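The block underneath contains the structure these notes are about, expressed in structure tokens.
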Amino acid sequence: MQNFSFASQQPASSHHALDQLAQFLQRHPDVLLLTGAGISTASGIPDYRDTEGVRRGNAPVQGPDFRRQEAVRRRYWARSMVGWPTLARAVPNPGHLAIAQLARRQRIGGLVTQNVDGLHQQAGSPAVTELHGSIHGVVCLDCHTRHTRRLIQDQLERDNPQLLGATATPAPDGDALLEPMQLATFHVPACPRCGGTLQPDVVFFGDGVPAACAAEAERKMMEAGALLVVGSSVMVYSSFRLCRMAAETGKPVAAINLGKTRADHLLAFKTEAPAQDILPLVAAMLD
């Protein structure tokens, strides 16, 4: 097995970096792309971590806490009511569009994303595996009915007119930072069908990736000849394990990311560049 235990970092403007990425894709037309929050920042969606891989902002909602505690659900849904419209208005950026173009031209073999924003699908990428679910869906924990997030947003706005027009600092995944006083009179949405507890169709921290989704991502990695990480520090295990799986089976791993990744020691090379800048250039080179 080849040992890809070094990382050469290339600036975005480097012709060598472009050539290196283009050659990587040419050598591995069955490459699996693994994308993270960094691919969507140019669409106006904040990311989770700084260039050192340290998480920004508030502590994330833990799944068990959401299901057990009314106060946690109230805080989540109030912040989501204010923050989700920004995410819903987001459109794919040149990075998403370049990935869809590469897929149409059979320059990549598959796509797995950690993002819940649905922008890869909007851009036209087929067969996207969403490791962490979709923020645009909501599921009832009691009757298991699935609802669109738009339907629940309408319900939230009817029941909580005091938050209409509220402004707050956007946070990742349709979240927003609200003052505690704005939560006091907030009404948590209930399932329109049975009145049960609603949860966004995403994988919270403290919860595992659904088995079928994890198996699909693993199958894609096994079928691929290489792995390209785009816009992710792969700090969470659900994504890092794909890097480790690739390395353990002798498949090269590369990355386009601004800052460190958990997989730096596994990378053949890393290009420190905004995905929305470099991916369209690479796609054009492979036309």
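Here the Cβ of each residue, glycine as well, is placed from N, Cα and C on the backbone.
Curation does not apply to TrEMBL; its annotations are automatic.
From a predicted model like this one, the values you see are computed outputs, not experimental measurements.
Sequence annotations record features per position, and here TrEMBL assigns active site, proton acceptor to His132. What TrEMBL lists as Zn(2+) binding site is Cys140, Cys143, Cys191, Cys194. Annotated domain 'Deacetylase sirtuin-type' per TrEMBL: 11-287, in sequence order. Taken from TrEMBL, the feature region 'Disordered' covers 45-64.
Classification of Cys191 (Zn(2+) binding site) by DSSP places it in coil, neither helical nor stranded.
Within 8 Å of the centroid of the Cβ atoms of Cys140, Cys143, Cys191, Cys194, where the record puts Zn(2+), the same chain has further Cβ atoms from Leu141, Asp142, His144, Thr145, Pro192, Arg193, Gly195, Gly196, Leu198. His132 (active site, proton acceptor): 23 other CB atoms within 10 A of its CB, across all protein chains. When pLDDT values are averaged over the domain 'Deacetylase sirtuin-type' (11-287), the model yields 92. The local packing around Cys191 (Zn(2+) binding site), expressed as other Cβ atoms within 10 Å of its Cβ over all shown chains, amounts to 20.
The Cβ of Cys194 (Zn(2+) binding site) has Cys140, Asp142, Cys143, Thr145 as same-chain neighbours under 8 Å, each 6 or more residues away in sequence. The CA atom of Cys191 (Zn(2+) binding site) is located 22 Å away from the CA atom of His132 (active site, proton acceptor).
Most Cβ neighbours within 10 Å, among the binding-site residues Cys140, Cys143: Cys140 holds that distinction in the structure as shown.
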